[in-house]
């Protein structure tokens, strides 16, 4: 089974990806892991990626696409199938993935989209606070500290509501075009992500069993 998992930051995509891998035994292909492995193994694309990263530059799409292609061509993919997590990030990468799969004789069986209302995600992502003295991380709503005093805690710039909203807006714009592409191919299953983790996975599992 060859799958793609999508979802906005904070939607719980990583948690569900781990559960899918555990339950269905597919190879988990996350962008970060792929880059680290390609650079550690000094593959052609790994060396290219490292040359950009060492200069503090963004890795161009053709290199990212090449690293994905290298990974999808490995033997375990034909045996186990895969779950792509964090790629494609743009519609251009989605088209490149289509071409790669066709070239390798693979096909995408389904796209799992973990849906959570952006306003809920802003609450999830912007609630993180850090204790100035201990460095411990808490959440204003979901994991509040005992005896909370505002002056004892600070919030990272990345976690402030306005920053979180800007980040989500970018992700929504990019994600919608990718989802539309896969919807036209009849591959997308939307999963309600604003429920307990076990309930989300029950819905994911049901959808995947129907694909088998």
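Using N, Cα and C of the backbone, Cβ positions are placed for all residues, glycine too.
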Annotated region 'LID' segment (source Swiss-Prot; candidates 127-159, 160-192): 127-159
Candidate binding-site residues 31, 59, 87, 156, pick with smallest Cα gap to residue 138 (ATP binding site): 156
Contacting positions for the region 'NMP' (30-59) when only residues 6+ beyond its ends and CB under 8 Å are counted: 17, 66-71, 85-87, 89
Same chain, 6+ residues apart, C-beta under 8 Å of the C-beta of residue 12 (ATP binding site), given in sequence order: 114, 116, 193, 197, 200
